[in-house]
Amino acid sequence: MASESGKLWGGRFVGAVDPIMEKFNASIAYDRHLWEVDVQGSKAYSRGLEKAGLLTKAEMDQILHGLDKVAEEWAQCTFKLSPNDEDIHTANERRLKELIGETAGKLHTGRSRNDQVVTDLRLWMRQTCSTLSGLLWELIRTMVDRAEAERDVLFPGYTHLQRAQPIRWSHWILSHAVALTRDSERLLEVRKRINVLPLGSGAIAGNPLSVDRELLRAELNFGAITLNSMDATSERDFVAEFLFWASLCMTHLSRMAEDLILYCTKEFSFVQLSDAYSTGSSLMPQKKNPDSLELIRSKAGRVFGRCAGLLMTLKGLPSTYNKDLQEDKEAVFEVSDTMSAVLQVATGVISTLQIHRENMGQALSPDMLATDLAYYLVRKGMPFRQAHEASGKAVFMAETKGVALNELSLQELQTISPLFSGDVSCVWDYGHSVEQYGALGGTARSSVDWQIRQVRALLQTQQA
């Protein structure tokens with residue numbers, strides 16, 4: 001049990017710890033997030049001790065009852081921290097002793113805070129991954145529903161931020177939804193690797209007291225058991241993977257936010273954010289600022305920083321547990337909170353977004369059909385490279401004459417290639433343009449419908 005100082009490790013120390021060091025060393029301010037899973041892990045471990053003959057049935061029941069009381073106090077916000085509670089494990093064990101007496105000292109038999117904390121963290125992150133998966137699926141569903149409802153809306157697609165080709169608005173939505181399905185799949189994979197039990201590894205060498213780790217695994221519903229006690233207590237691959245998942249997901253969300261920030265400017269006027277996700281200016285009354293999207297974009301940087309910071313912490317550590325690993329939890333808690341907020345705000349933005357169909361249509365221009373003009377010649381038998389050059393000459397001719405590409409006469413086009421004929425007029429129809437891209441993954445309606453079905457099927461599979 002704890003020494004007179006209240007420390008779980010104080011037996012070989014003489015004198016008090018410097019108060020500045022006390023504060024520097026403590027993690028209770030943030031690892032209190034783990035109170036519930038710490039109790040959960042301790043209850044499972046007490047059952048393991050009872051099976052190993054290290055606790056009597058009465059002692060186990062006493063500990064379990066005491067842990068239930070500890071959990072009740074946390075849940076009701078009546079748990080009182082002590083100045084000596086340097087972390088959640090110390091706090092819970094100290095309170096357990098106050099409730100049930102010296103029997104509490106048997107709970108830590110064969111267990112180290114090294115395997116205890118990493119078990120707690122895996123339990124907490126496992127639940128967090130499930131919660132975030134649900135939020136991410138809801139965002140993707142919202143996007144797919146919107147894509148299905150607005151399939152007939154056309155607007156300019158951009159490359160290099162220059163107008164490129166006509167596409168369906170739904171095609172743009174789905175481009176981001178598909179990226180997010182990879183994120184949702186990746187998060188499930190991260191959760192699978194989180195779901196491995198380290199409890200029973202001790203500090204470094206393992207557990208010498210015949211504690212049944214399979215029992216612990218079943219009690220805590222883990223999918224597997226760690227293979228090596230040294231690796232189990234010191235590796236934080238699962239934390240790094242989670243932070244990388246968040247970084248990549250935020251990359252995708254930030255890019256979508258950037259598109260929408262541009263689209264809602266007066267210069268584009270393709271979309272309008274709901275007032276619920278906008279703010280105003282303290283000086284300029286006319287302003288409607290896309291703060292929700294700007295914050296999504298900026299919070300990506302915070303998440304990246306947490307990921308990079310953890311990797312910098314891990315890369316120089318010697319084998320097994322080092323106190324440096326205390327830094328992992330703040331990163332996990334902050335990023336989890338950020339991702340939860342971002343996913344919910346993004347869902348709200350997408351579900352309430354207003355589109356300006358007329359402005360989208362007016363932004364389409366004949367020069368965006370230059371590629372279609374080349375395809376017209378390809379269908380007439382011209383090799384694509386020659387067709388590309390011929391279309392480029394038509395663009396140059398229109399620019400020289402100061403007219404739109406579709407205003408060139410048939411005779412003028414025929415000076416470029418005799419393959420041009422009266423049916424070239426069909427090239428200038430935007431609806432015809434998007435419908436020719438019928439290959440799977442394209443912007444034709446049939447392909448967009450296929451994409452919608454595929455994304456919904458992916459979601460169904462992931463949620464199974």
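Note that the numbers count up from 1, one per residue, in the order the chain is shown.
Placement of Cβ uses the backbone N, Cα and C atoms for every residue, glycine included.
What Swiss-Prot records for this protein:
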type	residues	note
MOD_RES	A2	N-acetylalanine
MOD_RES	K7	N6-acetyllysine
BINDING	S27, N114, T159, N289, Y321, Q326, K329	2-(N(omega)-L-arginino)succinate binding site
MOD_RES	K69	N6-acetyllysine
ACT_SITE	H160	active site, proton acceptor
ACT_SITE	S281	active site, proton donor
MOD_RES	K288	N6-acetyllysine
SITE	E294	site 'Increases basicity of active site His'
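Highest Cβ count within 10 Å among the recorded positions N114, T159, S281, N289, Q326: N114.
It is K69, among the recorded positions K69, K329, whose Cβ has the fewest other Cβ atoms within 10 Å in the structure shown. Spacing of N114 (2-(N(omega)-L-arginino)succinate binding site) relative to K69 (N6-acetyllysine) is 25 Å (Cα to Cα, whole number).
Looking only at Cα atoms, N289 (2-(N(omega)-L-arginino)succinate binding site) sits nearest to S281 among the recorded positions K69, H160, S281. If you take the C-beta of K288 (N6-acetyllysine) and look for same-chain residues 6 or more apart in sequence within under 8 angstroms, you find L273, D275, S278, T279, G280. According to DSSP, S27 (2-(N(omega)-L-arginino)succinate binding site) sits in a coil region rather than a helix or strand.
For Y321 (2-(N(omega)-L-arginino)succinate binding site), the count of additional Cβ atoms within 10 Å of its Cβ stands at 20 [all protein chains shown]. Here S27 (2-(N(omega)-L-arginino)succinate binding site) is compared against the recorded positions K69, H160, S281, E294, and the shortest C-alpha distance is to K69. The DSSP secondary structure for E294 (site 'Increases basicity of active site His') is helix.
With S27, N114, T159, N289, Y321, Q326, K329 listed as the residues that bind 2-(N(omega)-L-arginino)succinate, the site has a largest C-alpha separation of 51 Å.
All protein chains shown were included, and the count of other CB atoms within 10 Å of the CB of H160 (active site, proton acceptor) stands at 6. Listed recorded positions: S27, E294. The one with the lowest count of other Cβ atoms within 10 Å of its Cβ is E294. T159 (2-(N(omega)-L-arginino)succinate binding site) sits 32 Å from S281 (active site, proton donor), taking the C-alpha atoms as the reference points.
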